[in-house]
């Protein structure tokens with residue numbers, strides 16, 4: 001249940017960055033000096049030339065990241081039913097740092113001077129459309145899967161009646177043990193597409209999410225197999241029909 005703290009931090013921090021980027025893009029204001037210092041420290045020097053859709057893509061991805069955090073926070077508060085499991089202090093601190101760093105990573109994909117006071121030219125490209133559609137599709141499935149897990153511990157009236165683990169069925173659970181982890185990966189892939197596919201920095205973020213979620217999925221899959229003798233043998237741990 002302490003994962004809720006991650007999303008509180010993400011909503012506040014990434015919402016703050018989103019507001020600053022919106023002000024810079026549409027009102028021509030300069031980013032705060034400490035953000036510019038952060039850009040410089042991360043090797044992102046100021047650029048004076050127009051970089052095409054780079055600004056709009058970063059703005060769109062930061063918005064998607066913030067919306068994702070808002071949805072996950074809402075699910076933690078009102079959908080999920082958590083057991084009495086605990087989180088290691090190192091993992092907890094790392095998680096807080098991650099959600100601060102990931103929004104800053106998006107912001108660092110645009111020059112510090114943003115657009116030199118020029119009006120933002122919004123040019124919607126094919127990768128924006130594909131990325132947003134994939135984001136919506138994966139988000140819907142993730143929510144459905146989290147609702148399925150929560151309903152395993154609730155009565156028909158919605159009252160929590162148990163905190164024990166049960167075998168989930170329905171939606172992507174028919175193919176994998178942890179479809180909500182797979183959906184998380186797809187959400188980050190969709191952001192990589194929205195950034196224009198070629199952004200190496202964000203693909204590094206995707207690779208981190210891949211290994212992190214895959215490890216969690218394997219551990220969860222092994223738990224299911226060990227705890228339930230009748231657990232469906234055809235299910236994969238993480239990626240349908242693959243892994």
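Here the Cβ of each residue, glycine as well, is placed from N, Cα and C on the backbone.
Between the stretches 6-22, 23-39, TrEMBL puts its transmembrane segment entry on 6-22.
TrEMBL lists transmembrane segment for one of the ranges 120-138, 139-157, 158-176, namely 120-138.
Within the chain carrying the transmembrane segment (120-138), a Cβ under 8 angstroms from the stretch's Cβ atoms is held by residues 25-26, 52-53, 55-57, 59-60, 64, 68, 183, 186-187, 189-197, all 6 or more beyond its ends.
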